[in-house]
Amino acid sequence: MSTTATELQTEVQRRRTFAIISHPDAGKTTLTEKLLLYGGAIRLAGTVKARKAAKHAVSDWMEIEKQRGISVTSSVLQFDYDGYRVNILDTPGHQDFSEDTYRTLMATDSAVMVIDVAKGVEDQTKKLFHVCRQRGIPIFTFVNKLDRHGKSPFELMEEIENVLGIRAYPMNWPVGVDGNYKGVYNRRLAQIELFESGGAHGQWVMPSTIGSAEDPAFAELLGTDVHNQLIEDIELLDMAGDQFDIEKVLKGELTPMFFGSALTNFGVRPFLEEFLQLAPAPLARRSVDGLVAPDDEGFTAFVFKIQANMNPTHRDRIAFIRICSGKFARGMSVKHVPSGKSVKLAQPQQFMAQERVIIDEAYPGDVIGLFDPGVFGIGDTLCVEGKNFQFEDFPVFPPEHFARVQPKDTMKRKQFVKGMTQLTQEGAVQVFRQPEIGVESFVVGAVGVLQMEVLEYRLKQEYGVDILMQHLPFSVARWLDGYDPGKPVKGLDSGMVIRDGKERPVALFRNEWSVRWAVEQNPQIRFLTVPER
Ligand code: GDP
């Protein structure tokens, strides 16, 4: 094997690219920050949080971002740990929940699901979990806030199994009782690790004591009751719990479960170390011609996110690509498959939190931002020149918010259509057309409400069009298979069938109940949650 091939393989094998998913407030930001702290990427915890709080002060991005102090974008955080090159894909999670959150999951090789020990599995966690599950990527669970009162570990295991339908395998187990946790028991090593308390809210790496669970010193340290309880729990787990099976983990059928507290750092290092060992290196990707292995030497990548106008004075557009195979070198020319154009990748950027760094080379698993000359769209494939190659279609995510939009001033119709077309290409919202209405107005659909505001704002700022936006009382879309335009669909809330960007028929419903009603009334039609490829 040539040296470049070996180098490529080594670089692929040491990469771990993952996203952290959670419901707002479960502790995603805090955990991300602590991983950076342990990874040596920051010296003192507080930096990422400060960034979250001070965002409107430092960000020169979209005005809307400034006004609300939130991030409309997601970036990647990279650090080295123990020989691994770690890429954490930052998913916007909260009020600003949007399709970008889902799209980021298309670029990741595994996911860490953060769960609040008191609240258990929450709404947004469920949605994100299902997208990961559909992709069949491994999901790791970090139960957070163990410094507080919460549900028992057994209760949480059951909840994960019942609500999410995935078996959980505790990798470690909390030592101590509800709200008074002292450390974790590592099942693989049969070791207890006790954390020292104090330490200024986990600003620094936490000192700990490690030893065998059988060591009588621990019984003394913990008190007999706590120690006995631990031994009992472990026996029960070993007897009644699942076997650990890495194959099941990699297929997304079993989630390794960890306990800790991101705030006090307790359980963070054991989690990180075990996670890096178990999480997969960059995986092969499906293309229309079959799987592409990451150590295939021909460069391939796909666009999973487009961020427009990050700097309003330059009005630039950045396309984020995930590298899937081959080595990337600055200045290389690649083929943009949908247009057939050759694009020189002159100024590839890596986004470290708020800072942009120009990079010289990157490998599969890495994410880089490219200045977009206006050709890139979501899901586009890039590959070495001379190759004819395409990744499978990027999925469409079911929108849950709908509105009808039209220009206030009918004279601005041309700019309006142009703006809507370009913003759809960027994936800002999904656009539907109502055949009988034409391009006078569109129905737009989005995964998050904020996307609607961004649309309104950008049409005004960038295309000079004020719009009228009428929110529609629907929350479910179904793609219709077997629809005959000559025959009305019975029992539709809206009474109308609209068309998506590829002219496929779609019906909108108020809720799942009305969907079920329509399904019963129209046995000849299949109602699909997402369009068929
Ligand atoms: P995110 O919305 O998921 O990113 O959550 P954050 O990381 O911003 O955390 C939400 C709140 O929970 C903040 O006030 C954190 O300080 C707090 N928090 C995070 N982790 C822990 C933890 O382990 N223990 C406790 N007690 N609070 C935590």
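Counting begins at 1 with the first residue displayed.
Each residue, glycine too, has its Cβ placed from N, Cα and C.
Copied over from TrEMBL:
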type    : residues              : note
BINDING : 22-29, 90-94, 144-147 : GTP binding site
DOMAIN  : 13-283                : domain 'Tr-type G'
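In this structure, the binding-site residues that sit close to ligand 1, with a C-beta under 6 angstroms from any of its atoms, are Ser22, Lys28, chosen from Ser22, Lys28, Thr91.
Annotation note: Thr91 (GTP binding site) sits in a coil segment as assigned by DSSP. Looking just at the domain 'Tr-type G' (13-283), the mean pLDDT is 82. The local packing around Thr91 (GTP binding site), expressed as other Cβ atoms within 10 Å of its Cβ over all shown chains, amounts to 23.
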